[in-house]
Amino acid sequence: MQRIKADILVIGAGSGGLSVAAGASQMGANVVLLEGHEMGGDCLNYGCVPSKALIASAKAAHGQAHAAAFGVADQAPQVDYAAAMAHVRDVIARIAPVDSQERFEGLGVRVIREYGRFLSETEVQAGDRVITARRIVIATGSSPLVPPVPGLDKVPYLTNETLFGLNERPGHLLIIGGGPIGMEMAQAHVRLGCRVTVIEADRALGREDPEAAALILDRLRAEGVEIVEATSAGQVRGKAGAIDIVSTGGRIFSGTHLLVAAGRKANTERLNLEAAGIETTRSGIRTDAGLRTTNRRVYAIGDVAGGLQFTHVAGYHAGIVIRSALFGLPSRTKTAHIPRATYTDPELAQVGLTDAEARDRHGGRVEIARFDYLHNDRAIAERSAEGFIKVMVVKGRPVGVTIAGHQAGEHIGLWSLVLINNLKMSQLAAMVSPYPTIGEINKRAAGAYFSPRLFGNRTVERVVGLVQRWLP
Ligand SMILES: Cc1cc2nc3c(=O)[nH]c(=O)nc-3n(C[C@H](O)[C@H](O)[C@H](O)COP(=O)(O)OP(=O)(O)OC[C@H]3O[C@@H](n4cnc5c(N)ncnc54)[C@H](O)[C@@H]3O)c2cc1C
Ligand SMILES: NC(=O)c1ccc[n+]([C@@H]2O[C@H](COP(=O)([O-])OP(=O)(O)OC[C@H]3O[C@@H](n4cnc5c(N)ncnc54)[C@H](O)[C@@H]3O)[C@@H](O)[C@H]2O)c1
(Lines of atoms letter the chains of each structure in order from A and count residues from 1; the text may use other names and numbers.)
(Lines give C-alpha, C1' and ligand atoms only; values in the text may rest on other atoms or scores of the structure.)
(Ligands and ions follow the chains in the order given, each with its own letter.)
Protein backbone atom coordinates (compact mmCIF):
# COMPACT_ATOMS: atom_id res chain seq x y z
CA MET A 1 0.00 0.00 0.00
CA GLN A 2 1.27 3.43 -0.91
CA ARG A 3 0.59 6.07 1.76
CA ILE A 4 -0.24 9.65 0.73
CA LYS A 5 -0.65 12.73 2.94
CA ALA A 6 -2.75 15.71 1.87
CA ASP A 7 -4.22 18.89 3.30
CA ILE A 8 -7.57 18.18 1.66
CA LEU A 9 -8.91 14.90 0.34
CA VAL A 10 -11.97 15.22 -1.89
CA ILE A 11 -14.02 12.09 -2.59
CA GLY A 12 -16.02 12.47 -5.81
CA ALA A 13 -15.22 14.58 -8.89
CA GLY A 14 -18.68 15.97 -9.66
CA SER A 15 -20.11 19.48 -9.33
CA GLY A 16 -19.24 19.82 -5.64
CA GLY A 17 -15.95 17.94 -5.43
CA LEU A 18 -14.43 19.61 -8.48
CA SER A 19 -15.27 23.06 -7.12
CA VAL A 20 -13.58 22.30 -3.79
CA ALA A 21 -10.54 20.74 -5.47
CA ALA A 22 -10.06 23.62 -7.95
CA GLY A 23 -10.54 26.32 -5.31
CA ALA A 24 -8.41 24.69 -2.61
CA SER A 25 -5.57 23.81 -4.95
CA GLN A 26 -5.44 27.28 -6.50
CA MET A 27 -5.26 28.76 -3.01
CA GLY A 28 -2.21 26.71 -2.14
CA ALA A 29 -3.54 23.56 -0.48
CA ASN A 30 -2.18 20.12 -1.26
CA VAL A 31 -5.27 18.37 -2.68
CA VAL A 32 -6.00 14.73 -3.55
CA LEU A 33 -9.16 14.02 -5.56
CA LEU A 34 -10.74 10.57 -5.89
CA GLU A 35 -13.16 9.63 -8.66
CA GLY A 36 -14.34 6.06 -9.15
CA HIS A 37 -16.27 6.66 -12.37
CA GLU A 38 -16.54 9.62 -14.78
CA MET A 39 -14.92 13.00 -14.13
CA GLY A 40 -17.69 15.60 -13.99
CA GLY A 41 -20.18 13.41 -12.10
CA ASP A 42 -23.90 13.33 -12.74
CA CYS A 43 -24.39 16.88 -13.92
CA LEU A 44 -22.02 16.62 -16.86
CA ASN A 45 -22.55 13.01 -17.84
CA TYR A 46 -26.09 11.99 -16.88
CA GLY A 47 -27.89 15.06 -15.54
CA CYS A 48 -28.07 18.78 -16.22
CA VAL A 49 -25.95 18.88 -19.36
CA PRO A 50 -27.45 16.01 -21.39
CA SER A 51 -30.99 16.87 -20.27
CA LYS A 52 -30.65 20.50 -21.32
CA ALA A 53 -29.01 19.48 -24.61
CA LEU A 54 -31.92 17.14 -25.38
CA ILE A 55 -34.37 19.88 -24.41
CA ALA A 56 -32.61 22.10 -26.98
CA SER A 57 -33.20 19.47 -29.72
CA ALA A 58 -36.82 19.25 -28.69
CA LYS A 59 -37.16 23.04 -28.81
CA ALA A 60 -35.82 23.06 -32.37
CA ALA A 61 -38.37 20.43 -33.40
CA HIS A 62 -41.20 22.27 -31.66
CA GLY A 63 -40.16 25.53 -33.31
CA GLN A 64 -40.45 23.98 -36.80
CA ALA A 65 -43.88 22.60 -36.01
CA HIS A 66 -45.14 25.92 -34.61
CA ALA A 67 -43.67 28.57 -36.90
CA ALA A 68 -46.88 29.69 -38.59
CA ALA A 69 -47.70 32.18 -35.83
CA PHE A 70 -44.56 34.07 -36.95
CA GLY A 71 -45.48 33.99 -40.64
CA VAL A 72 -43.21 31.05 -41.41
CA ALA A 73 -44.89 27.85 -42.62
CA ASP A 74 -45.12 25.02 -40.11
CA GLN A 75 -43.03 21.98 -40.99
CA ALA A 76 -43.53 18.49 -39.64
CA PRO A 77 -40.11 18.03 -38.00
CA GLN A 78 -38.04 15.14 -39.31
CA VAL A 79 -36.53 14.00 -36.04
CA ASP A 80 -33.47 11.78 -36.15
CA TYR A 81 -33.39 10.62 -32.51
CA ALA A 82 -29.94 9.06 -32.85
CA ALA A 83 -28.63 12.37 -34.23
CA ALA A 84 -30.27 14.26 -31.37
CA MET A 85 -28.47 11.95 -28.93
CA ALA A 86 -25.23 12.47 -30.88
CA HIS A 87 -25.77 16.22 -30.33
CA VAL A 88 -26.22 15.48 -26.60
CA ARG A 89 -22.95 13.55 -26.48
CA ASP A 90 -21.16 16.26 -28.46
CA VAL A 91 -22.32 18.89 -25.94
CA ILE A 92 -20.98 16.73 -23.10
CA ALA A 93 -17.68 16.31 -24.96
CA ARG A 94 -17.36 20.08 -25.44
CA ILE A 95 -17.81 20.78 -21.74
CA ALA A 96 -15.83 17.76 -20.49
CA PRO A 97 -12.34 19.34 -20.74
CA VAL A 98 -13.27 21.77 -17.97
CA ASP A 99 -13.89 18.84 -15.62
CA SER A 100 -11.11 16.60 -16.95
CA GLN A 101 -8.33 14.84 -15.09
CA GLU A 102 -5.78 16.73 -17.23
CA ARG A 103 -7.17 20.12 -16.27
CA PHE A 104 -7.18 19.26 -12.58
CA GLU A 105 -3.68 17.84 -12.71
CA GLY A 106 -2.68 21.09 -14.42
CA LEU A 107 -4.11 22.93 -11.39
CA GLY A 108 -1.84 20.84 -9.15
CA VAL A 109 -4.47 18.38 -7.89
CA ARG A 110 -3.43 14.75 -7.49
CA VAL A 111 -6.27 12.84 -9.19
CA ILE A 112 -6.75 9.15 -8.38
CA ARG A 113 -9.34 7.28 -10.46
CA GLU A 114 -10.58 4.92 -7.76
CA TYR A 115 -13.55 4.71 -5.39
CA GLY A 116 -12.71 5.84 -1.85
CA ARG A 117 -13.51 3.88 1.30
CA PHE A 118 -12.87 4.92 4.90
CA LEU A 119 -10.52 2.69 6.87
CA SER A 120 -10.66 4.81 10.02
CA GLU A 121 -11.58 8.31 11.16
CA THR A 122 -8.59 9.76 9.29
CA GLU A 123 -7.71 7.27 6.53
CA VAL A 124 -9.31 6.55 3.17
CA GLN A 125 -8.34 3.70 0.89
CA ALA A 126 -8.43 4.18 -2.88
CA GLY A 127 -7.23 1.11 -4.77
CA ASP A 128 -3.77 0.32 -3.48
CA ARG A 129 -3.29 3.72 -1.83
CA VAL A 130 -4.17 4.97 1.63
CA ILE A 131 -4.67 8.70 1.99
CA THR A 132 -4.64 10.65 5.23
CA ALA A 133 -5.70 14.28 5.15
CA ARG A 134 -6.18 17.19 7.52
CA ARG A 135 -9.71 17.61 6.13
CA ILE A 136 -11.82 15.25 4.01
CA VAL A 137 -14.73 16.33 1.81
CA ILE A 138 -17.31 13.74 0.78
CA ALA A 139 -18.92 14.79 -2.52
CA THR A 140 -20.12 11.46 -3.84
CA GLY A 141 -23.49 12.63 -5.18
CA SER A 142 -26.65 10.58 -5.61
CA SER A 143 -28.07 7.84 -7.83
CA PRO A 144 -31.52 7.14 -9.21
CA LEU A 145 -33.84 5.71 -6.59
CA VAL A 146 -35.57 2.67 -8.03
CA PRO A 147 -38.75 2.08 -6.03
CA PRO A 148 -39.49 -1.49 -4.92
CA VAL A 149 -42.28 -2.00 -7.47
CA PRO A 150 -42.90 -5.72 -8.04
CA GLY A 151 -41.66 -6.83 -11.46
CA LEU A 152 -39.49 -3.76 -12.06
CA ASP A 153 -36.32 -5.78 -11.66
CA LYS A 154 -37.46 -8.15 -14.42
CA VAL A 155 -38.04 -5.62 -17.22
CA PRO A 156 -35.48 -3.44 -18.97
CA TYR A 157 -35.92 0.10 -17.66
CA LEU A 158 -34.08 3.37 -18.20
CA THR A 159 -32.82 5.87 -15.64
CA ASN A 160 -31.00 9.16 -16.16
CA GLU A 161 -27.82 7.06 -16.29
CA THR A 162 -28.90 5.13 -19.39
CA LEU A 163 -31.48 7.36 -21.12
CA PHE A 164 -28.90 9.48 -22.94
CA GLY A 165 -27.22 6.36 -24.33
CA LEU A 166 -30.40 5.44 -26.22
CA ASN A 167 -30.24 5.65 -30.01
CA GLU A 168 -33.66 4.44 -31.12
CA ARG A 169 -36.58 6.73 -30.46
CA PRO A 170 -39.01 5.23 -27.96
CA GLY A 171 -42.40 4.68 -29.59
CA HIS A 172 -44.20 5.24 -26.29
CA LEU A 173 -42.18 6.30 -23.25
CA LEU A 174 -43.68 5.49 -19.87
CA ILE A 175 -42.24 7.57 -17.02
CA ILE A 176 -42.59 6.72 -13.33
CA GLY A 177 -42.32 10.02 -11.44
CA GLY A 178 -43.61 13.52 -12.17
CA GLY A 179 -40.74 15.49 -10.60
CA PRO A 180 -38.34 17.72 -12.53
CA ILE A 181 -36.62 14.82 -14.31
CA GLY A 182 -39.93 13.26 -15.33
CA MET A 183 -41.44 16.53 -16.56
CA GLU A 184 -38.38 17.79 -18.44
CA MET A 185 -37.91 14.45 -20.18
CA ALA A 186 -41.63 14.03 -20.87
CA GLN A 187 -41.82 17.31 -22.79
CA ALA A 188 -38.52 16.72 -24.59
CA HIS A 189 -39.70 13.32 -25.79
CA VAL A 190 -43.18 14.34 -26.87
CA ARG A 191 -41.59 17.14 -28.92
CA LEU A 192 -39.21 14.62 -30.47
CA GLY A 193 -42.19 12.59 -31.66
CA CYS A 194 -42.70 9.98 -28.92
CA ARG A 195 -45.92 9.19 -27.13
CA VAL A 196 -45.38 9.86 -23.43
CA THR A 197 -47.28 8.81 -20.30
CA VAL A 198 -46.22 9.97 -16.82
CA ILE A 199 -47.46 8.07 -13.77
CA GLU A 200 -47.18 10.18 -10.61
CA ALA A 201 -48.10 8.84 -7.15
CA ASP A 202 -49.03 12.26 -5.80
CA ARG A 203 -49.09 15.62 -7.63
CA ALA A 204 -46.76 16.23 -10.57
CA LEU A 205 -44.26 19.02 -9.74
CA GLY A 206 -45.69 18.60 -6.26
CA ARG A 207 -43.06 20.74 -4.50
CA GLU A 208 -43.97 23.78 -6.57
CA ASP A 209 -46.57 26.51 -6.18
CA PRO A 210 -49.78 24.81 -7.41
CA GLU A 211 -50.73 27.65 -9.78
CA ALA A 212 -47.26 27.63 -11.34
CA ALA A 213 -47.22 23.83 -11.60
CA ALA A 214 -50.69 23.86 -13.21
CA LEU A 215 -49.49 26.27 -15.91
CA ILE A 216 -46.65 23.90 -16.83
CA LEU A 217 -48.78 20.75 -16.64
CA ASP A 218 -51.52 22.30 -18.80
CA ARG A 219 -48.92 23.10 -21.44
CA LEU A 220 -47.43 19.62 -21.36
CA ARG A 221 -50.88 18.08 -21.64
CA ALA A 222 -51.73 20.39 -24.54
CA GLU A 223 -48.57 19.16 -26.28
CA GLY A 224 -49.75 15.58 -25.86
CA VAL A 225 -48.11 14.31 -22.66
CA GLU A 226 -50.47 12.08 -20.71
CA ILE A 227 -49.97 12.91 -17.02
CA VAL A 228 -51.73 10.59 -14.59
CA GLU A 229 -51.60 11.93 -11.04
CA ALA A 230 -52.50 10.32 -7.71
CA THR A 231 -51.62 6.97 -9.26
CA SER A 232 -48.82 4.70 -8.05
CA ALA A 233 -47.04 2.12 -10.11
CA GLY A 234 -48.07 -1.10 -8.36
CA GLN A 235 -46.54 -3.65 -10.70
CA VAL A 236 -44.44 -3.67 -13.85
CA ARG A 237 -44.42 -6.49 -16.40
CA GLY A 238 -43.51 -7.25 -19.99
CA LYS A 239 -40.32 -7.24 -21.98
CA ALA A 240 -38.19 -4.96 -24.14
CA GLY A 241 -40.48 -3.00 -26.45
CA ALA A 242 -43.73 -3.99 -24.66
CA ILE A 243 -43.94 -2.87 -21.05
CA ASP A 244 -47.02 -2.53 -18.84
CA ILE A 245 -47.32 -0.54 -15.66
CA VAL A 246 -50.23 -1.74 -13.55
CA SER A 247 -51.28 0.96 -11.12
CA THR A 248 -52.20 0.12 -7.53
CA GLY A 249 -55.79 0.87 -8.59
CA GLY A 250 -55.59 -1.73 -11.40
CA ARG A 251 -55.24 0.59 -14.43
CA ILE A 252 -52.85 -0.63 -17.10
CA PHE A 253 -50.51 1.72 -18.98
CA SER A 254 -48.67 0.16 -21.91
CA GLY A 255 -45.59 1.51 -23.63
CA THR A 256 -42.40 0.53 -25.40
CA HIS A 257 -39.85 2.01 -22.94
CA LEU A 258 -39.86 2.84 -19.25
CA LEU A 259 -37.97 5.68 -17.56
CA VAL A 260 -37.75 5.56 -13.77
CA ALA A 261 -37.51 9.13 -12.40
CA ALA A 262 -38.78 8.54 -8.89
CA GLY A 263 -36.24 10.47 -6.83
CA ARG A 264 -32.63 10.03 -5.72
CA LYS A 265 -30.64 8.14 -3.11
CA ALA A 266 -27.36 9.38 -1.62
CA ASN A 267 -24.17 7.56 -2.70
CA THR A 268 -22.92 6.36 0.69
CA GLU A 269 -22.77 2.59 0.39
CA ARG A 270 -19.18 2.38 -0.91
CA LEU A 271 -17.78 4.70 1.75
CA ASN A 272 -17.77 2.45 4.84
CA LEU A 273 -18.89 5.48 6.86
CA GLU A 274 -19.14 3.57 10.16
CA ALA A 275 -15.35 3.18 10.20
CA ALA A 276 -15.07 6.98 10.29
CA GLY A 277 -17.86 7.61 12.81
CA ILE A 278 -20.01 9.38 10.20
CA GLU A 279 -23.76 9.16 10.72
CA THR A 280 -26.41 9.17 8.03
CA THR A 281 -30.05 10.25 7.94
CA ARG A 282 -32.86 8.93 5.74
CA SER A 283 -31.83 11.24 2.93
CA GLY A 284 -28.01 11.32 3.13
CA ILE A 285 -25.06 12.12 5.39
CA ARG A 286 -25.91 13.99 8.58
CA THR A 287 -24.28 17.44 8.61
CA ASP A 288 -24.47 20.58 10.73
CA ALA A 289 -25.10 24.04 9.27
CA GLY A 290 -21.41 24.26 8.38
CA LEU A 291 -21.60 20.97 6.42
CA ARG A 292 -19.48 19.11 8.97
CA THR A 293 -20.39 15.48 9.52
CA THR A 294 -20.42 13.75 12.90
CA ASN A 295 -16.65 13.33 12.31
CA ARG A 296 -15.45 16.94 12.73
CA ARG A 297 -12.63 16.58 10.20
CA VAL A 298 -14.99 15.41 7.47
CA TYR A 299 -17.46 17.51 5.48
CA ALA A 300 -20.29 16.32 3.20
CA ILE A 301 -21.47 18.50 0.32
CA GLY A 302 -23.85 18.41 -2.65
CA ASP A 303 -26.39 15.64 -3.25
CA VAL A 304 -24.86 13.25 -0.70
CA ALA A 305 -25.68 15.74 2.07
CA GLY A 306 -29.34 14.97 1.34
CA GLY A 307 -30.72 18.53 1.16
CA LEU A 308 -31.39 20.52 -1.99
CA GLN A 309 -29.98 18.51 -4.90
CA PHE A 310 -28.79 20.94 -7.55
CA THR A 311 -25.46 21.68 -9.17
CA HIS A 312 -25.49 25.29 -8.00
CA VAL A 313 -26.08 24.04 -4.43
CA ALA A 314 -23.07 21.70 -4.68
CA GLY A 315 -21.02 24.69 -5.90
CA TYR A 316 -22.34 26.87 -3.08
CA HIS A 317 -21.46 24.16 -0.55
CA ALA A 318 -17.95 24.03 -2.00
CA GLY A 319 -17.48 27.73 -1.20
CA ILE A 320 -18.64 27.19 2.40
CA VAL A 321 -16.23 24.29 2.89
CA ILE A 322 -13.26 26.15 1.36
CA ARG A 323 -13.86 29.05 3.75
CA SER A 324 -14.03 26.71 6.71
CA ALA A 325 -11.36 24.11 5.81
CA LEU A 326 -8.75 26.44 4.30
CA PHE A 327 -9.12 29.56 6.38
CA GLY A 328 -10.66 28.10 9.53
CA LEU A 329 -13.43 30.71 9.28
CA PRO A 330 -16.89 30.00 10.69
CA SER A 331 -19.22 29.35 7.81
CA ARG A 332 -22.87 28.33 7.70
CA THR A 333 -25.13 27.44 4.80
CA LYS A 334 -28.25 29.45 4.14
CA THR A 335 -31.09 28.22 1.99
CA ALA A 336 -33.48 31.17 1.74
CA HIS A 337 -31.73 32.56 -1.34
CA ILE A 338 -31.11 29.29 -3.21
CA PRO A 339 -33.09 29.24 -6.45
CA ARG A 340 -34.33 26.26 -8.43
CA ALA A 341 -35.65 26.04 -11.97
CA THR A 342 -37.35 23.35 -13.99
CA TYR A 343 -36.48 23.71 -17.66
CA THR A 344 -39.78 22.81 -19.24
CA ASP A 345 -41.25 25.26 -21.73
CA PRO A 346 -42.45 27.48 -20.13
CA GLU A 347 -39.95 27.26 -17.28
CA LEU A 348 -40.79 27.26 -13.58
CA ALA A 349 -38.44 28.97 -11.12
CA GLN A 350 -38.60 29.54 -7.40
CA VAL A 351 -36.49 31.19 -4.73
CA GLY A 352 -37.36 31.59 -1.06
CA LEU A 353 -40.88 30.91 0.17
CA THR A 354 -43.79 29.97 -2.06
CA ASP A 355 -47.12 31.74 -1.63
CA ALA A 356 -48.42 29.00 0.70
CA GLU A 357 -45.16 28.77 2.69
CA ALA A 358 -45.08 32.56 3.14
CA ARG A 359 -48.68 32.60 4.41
CA ASP A 360 -47.90 29.72 6.77
CA ARG A 361 -44.91 31.54 8.21
CA HIS A 362 -46.04 35.16 8.10
CA GLY A 363 -49.86 34.90 8.07
CA GLY A 364 -51.74 38.08 7.17
CA ARG A 365 -48.55 40.12 6.87
CA VAL A 366 -47.83 38.66 3.45
CA GLU A 367 -48.61 40.82 0.42
CA ILE A 368 -48.41 39.37 -3.08
CA ALA A 369 -47.03 41.55 -5.88
CA ARG A 370 -47.90 39.96 -9.19
CA PHE A 371 -47.28 40.72 -12.83
CA ASP A 372 -48.53 38.66 -15.76
CA TYR A 373 -46.44 37.96 -18.88
CA LEU A 374 -49.55 38.93 -20.81
CA HIS A 375 -48.53 42.58 -20.34
CA ASN A 376 -44.84 42.13 -21.21
CA ASP A 377 -44.27 43.49 -24.73
CA ARG A 378 -41.30 41.27 -25.51
CA ALA A 379 -43.19 38.16 -24.43
CA ILE A 380 -46.07 39.22 -26.70
CA ALA A 381 -43.65 39.76 -29.62
CA GLU A 382 -42.23 36.30 -29.06
CA ARG A 383 -45.68 34.77 -28.60
CA SER A 384 -44.64 33.54 -25.18
CA ALA A 385 -47.00 35.69 -23.14
CA GLU A 386 -48.20 32.91 -20.84
CA GLY A 387 -47.17 33.00 -17.19
CA PHE A 388 -46.60 35.24 -14.21
CA ILE A 389 -44.23 36.41 -11.52
CA LYS A 390 -45.44 36.45 -7.92
CA VAL A 391 -43.38 38.15 -5.23
CA MET A 392 -44.23 37.35 -1.63
CA VAL A 393 -43.52 40.51 0.40
CA VAL A 394 -43.44 41.04 4.15
CA LYS A 395 -43.01 44.60 5.46
CA GLY A 396 -41.70 45.86 2.14
CA ARG A 397 -39.10 43.09 1.70
CA PRO A 398 -39.44 40.03 -0.56
CA VAL A 399 -39.39 36.64 1.19
CA GLY A 400 -40.00 34.51 -1.89
CA VAL A 401 -40.52 34.68 -5.64
CA THR A 402 -42.22 32.33 -8.10
CA ILE A 403 -41.81 32.79 -11.84
CA ALA A 404 -43.66 30.54 -14.27
CA GLY A 405 -43.09 31.56 -17.87
CA HIS A 406 -40.63 32.16 -20.69
CA GLN A 407 -37.00 32.16 -19.42
CA ALA A 408 -38.10 31.98 -15.77
CA GLY A 409 -34.79 30.34 -14.84
CA GLU A 410 -32.85 33.26 -16.32
CA HIS A 411 -34.73 35.81 -14.24
CA ILE A 412 -34.82 34.18 -10.82
CA GLY A 413 -31.12 34.89 -10.12
CA LEU A 414 -31.81 38.58 -9.52
CA TRP A 415 -34.17 37.62 -6.70
CA SER A 416 -31.52 35.45 -5.07
CA LEU A 417 -29.43 38.62 -4.83
CA VAL A 418 -32.42 40.48 -3.40
CA LEU A 419 -33.08 37.81 -0.76
CA ILE A 420 -29.50 37.28 0.39
CA ASN A 421 -29.08 41.03 0.84
CA ASN A 422 -32.52 41.50 2.36
CA LEU A 423 -33.26 44.26 -0.18
CA LYS A 424 -36.52 46.20 -0.18
CA MET A 425 -39.09 46.41 -2.95
CA SER A 426 -38.27 50.13 -3.20
CA GLN A 427 -34.68 49.20 -4.16
CA LEU A 428 -36.03 46.87 -6.82
CA ALA A 429 -38.24 49.66 -8.11
CA ALA A 430 -35.16 51.87 -8.52
CA MET A 431 -33.71 49.46 -11.08
CA VAL A 432 -34.07 50.32 -14.78
CA SER A 433 -34.58 47.39 -17.18
CA PRO A 434 -33.92 47.78 -20.89
CA TYR A 435 -37.04 47.80 -23.04
CA PRO A 436 -38.27 45.46 -24.41
CA THR A 437 -36.99 42.55 -22.36
CA ILE A 438 -38.62 39.67 -20.53
CA GLY A 439 -36.56 40.86 -17.54
CA GLU A 440 -38.89 43.84 -17.20
CA ILE A 441 -41.25 41.49 -15.35
CA ASN A 442 -39.04 41.92 -12.28
CA LYS A 443 -39.33 45.67 -12.24
CA ARG A 444 -43.02 45.52 -13.08
CA ALA A 445 -43.59 43.24 -10.08
CA ALA A 446 -42.07 45.96 -7.92
CA GLY A 447 -44.35 48.42 -9.73
CA ALA A 448 -47.33 46.21 -8.94
CA TYR A 449 -46.38 46.40 -5.27
CA PHE A 450 -46.33 50.20 -5.22
CA SER A 451 -49.20 50.95 -7.66
CA PRO A 452 -52.03 50.42 -5.15
CA ARG A 453 -50.12 52.61 -2.67
CA LEU A 454 -49.66 55.43 -5.18
CA PHE A 455 -52.59 55.28 -7.61
CA GLY A 456 -56.12 56.09 -6.45
CA ASN A 457 -54.71 56.90 -2.99
CA ARG A 458 -56.56 59.86 -1.39
CA THR A 459 -53.53 61.06 0.59
CA VAL A 460 -51.27 61.01 -2.48
CA GLU A 461 -53.98 62.82 -4.48
CA ARG A 462 -54.26 65.48 -1.79
CA VAL A 463 -50.48 66.00 -1.66
CA VAL A 464 -50.26 66.23 -5.46
CA GLY A 465 -53.16 68.69 -5.49
CA LEU A 466 -51.45 70.84 -2.86
CA VAL A 467 -48.03 70.81 -4.55
CA GLN A 468 -49.58 71.65 -7.92
CA ARG A 469 -51.23 74.71 -6.41
CA TRP A 470 -47.92 75.99 -5.07
CA LEU A 471 -45.60 75.08 -7.94
CA PRO A 472 -44.72 78.10 -10.11
C1 LIG B 1 -31.52 14.12 -15.21
C2 LIG B 1 -31.00 15.15 -14.24
C3 LIG B 1 -31.07 16.49 -14.58
C4 LIG B 1 -30.56 17.45 -13.69
N5 LIG B 1 -30.66 18.76 -14.06
C6 LIG B 1 -30.19 19.71 -13.22
C7 LIG B 1 -30.25 21.07 -13.60
O8 LIG B 1 -30.74 21.43 -14.68
N9 LIG B 1 -29.76 22.00 -12.73
C10 LIG B 1 -29.22 21.63 -11.53
O11 LIG B 1 -28.78 22.52 -10.78
N12 LIG B 1 -29.15 20.34 -11.15
C13 LIG B 1 -29.62 19.37 -11.97
N14 LIG B 1 -29.53 18.05 -11.60
C15 LIG B 1 -28.92 17.73 -10.30
C16 LIG B 1 -27.38 17.73 -10.39
O17 LIG B 1 -26.95 16.84 -11.39
C18 LIG B 1 -26.80 17.31 -9.04
O19 LIG B 1 -27.38 18.07 -8.01
C20 LIG B 1 -25.29 17.50 -9.00
O21 LIG B 1 -24.66 16.72 -9.99
C22 LIG B 1 -24.76 17.11 -7.62
O23 LIG B 1 -23.37 17.29 -7.56
P24 LIG B 1 -22.50 16.40 -6.57
O25 LIG B 1 -21.12 16.92 -6.66
O26 LIG B 1 -23.15 16.32 -5.26
O27 LIG B 1 -22.57 14.91 -7.19
P28 LIG B 1 -22.15 14.38 -8.63
O29 LIG B 1 -22.04 15.46 -9.61
O30 LIG B 1 -23.04 13.24 -8.97
O31 LIG B 1 -20.68 13.79 -8.38
C32 LIG B 1 -20.43 12.73 -7.52
C33 LIG B 1 -19.23 11.96 -8.03
O34 LIG B 1 -18.72 11.12 -7.00
C35 LIG B 1 -18.31 9.89 -7.57
N36 LIG B 1 -18.28 8.90 -6.49
C37 LIG B 1 -19.33 8.32 -5.85
N38 LIG B 1 -18.89 7.53 -4.84
C39 LIG B 1 -17.54 7.64 -4.84
C40 LIG B 1 -16.51 7.09 -4.01
N41 LIG B 1 -16.79 6.29 -2.99
N42 LIG B 1 -15.23 7.39 -4.32
C43 LIG B 1 -14.91 8.21 -5.36
N44 LIG B 1 -15.84 8.75 -6.16
C45 LIG B 1 -17.14 8.49 -5.88
C46 LIG B 1 -19.35 9.63 -8.64
O47 LIG B 1 -18.83 8.71 -9.59
C48 LIG B 1 -19.56 11.03 -9.20
O49 LIG B 1 -18.69 11.30 -10.27
C50 LIG B 1 -30.00 17.06 -12.47
C51 LIG B 1 -29.92 15.71 -12.12
C52 LIG B 1 -30.41 14.77 -13.00
C53 LIG B 1 -30.30 13.32 -12.61
N1 LIG C 1 -33.99 21.53 -13.48
C2 LIG C 1 -33.35 21.02 -12.45
O3 LIG C 1 -32.69 21.72 -11.68
C4 LIG C 1 -33.40 19.55 -12.22
C5 LIG C 1 -33.83 18.69 -13.22
C6 LIG C 1 -33.88 17.34 -12.94
C7 LIG C 1 -33.50 16.89 -11.69
N8 LIG C 1 -33.08 17.74 -10.74
C9 LIG C 1 -32.71 17.26 -9.39
O10 LIG C 1 -32.83 15.87 -9.32
C11 LIG C 1 -33.73 15.52 -8.26
C12 LIG C 1 -34.45 14.26 -8.60
O13 LIG C 1 -35.45 14.45 -9.57
P14 LIG C 1 -36.65 13.42 -9.72
O15 LIG C 1 -37.61 14.03 -10.68
O16 LIG C 1 -36.15 12.05 -9.97
O17 LIG C 1 -37.19 13.29 -8.23
P18 LIG C 1 -38.34 13.96 -7.36
O19 LIG C 1 -38.17 13.37 -6.03
O20 LIG C 1 -38.35 15.42 -7.51
O21 LIG C 1 -39.68 13.41 -8.04
C22 LIG C 1 -39.99 12.04 -8.06
C23 LIG C 1 -41.47 11.85 -8.18
O24 LIG C 1 -41.73 10.46 -8.33
C25 LIG C 1 -42.92 10.12 -7.66
N26 LIG C 1 -42.90 8.68 -7.38
C27 LIG C 1 -42.06 7.99 -6.57
N28 LIG C 1 -42.35 6.66 -6.58
C29 LIG C 1 -43.41 6.50 -7.41
C30 LIG C 1 -44.18 5.37 -7.83
N31 LIG C 1 -43.94 4.13 -7.40
N32 LIG C 1 -45.20 5.56 -8.71
C33 LIG C 1 -45.47 6.82 -9.18
N34 LIG C 1 -44.78 7.92 -8.80
C35 LIG C 1 -43.75 7.78 -7.94
C36 LIG C 1 -42.87 11.00 -6.41
O37 LIG C 1 -44.17 11.21 -5.89
C38 LIG C 1 -42.25 12.30 -6.93
O39 LIG C 1 -43.20 13.25 -7.33
C40 LIG C 1 -34.62 16.75 -8.14
O41 LIG C 1 -35.22 16.83 -6.88
C42 LIG C 1 -33.66 17.86 -8.37
O43 LIG C 1 -32.99 18.13 -7.16
C44 LIG C 1 -33.03 19.07 -10.98
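Cβ from N, Cα, C; glycine included.
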Query = Considering the NAD(+) binding residues Gly177, Gly178, Gly179, Pro180, Ile181, Gly182, Met183, Glu184, Glu200 given in TrEMBL, which of Gly106, Gly108, Gly263, Gly277 is annotated for that site as well?
reply = Gly263
Query = Which residues does Gly177 (NAD(+) binding site) neighbour through Cβ under 8 Å, counting only same-chain ones at least six apart?
reply = Val198, Ile199, Glu200, Val260, Ala261, Ala262, Gly263
Key: Candidate nearest Cys48 (disulfide bond) in space, where candidates are the binding-site residues Gly116, Thr140, Met183 and distance is Cα-Cα   = Met183
Rounded to the nearest Å - Cα separation of Thr140 (FAD binding site) and Cys43 (disulfide bond) = 12
Note = Same-chain neighbours of the NAD(+) site, Cβ within 8 Å of the mean position of the Cβ atoms of Gly177, Gly178, Gly179, Pro180, Ile181, Gly182, Met183, Glu184, Glu200, Gly263 and not counting those residues, run in sequence order as Ile175, Met185, Ala186, Val198, Ala204, Leu205, Ala261, Ala262
Query = Near the Cβ of Gly116 (FAD binding site), how many other Cβ atoms are there if near means within 10 Å?
reply = 27
Request  = For the binding-site residues Glu200, Asp303, work out the Cβ neighbour count at 10 Å and name the residue with the minimum.
outcome  = Glu200
Query = Can you tell which of the binding-site residues (Thr140, Ser142) has the fewest other C-beta atoms within 10 angstroms of its C-beta?
reply = Ser142
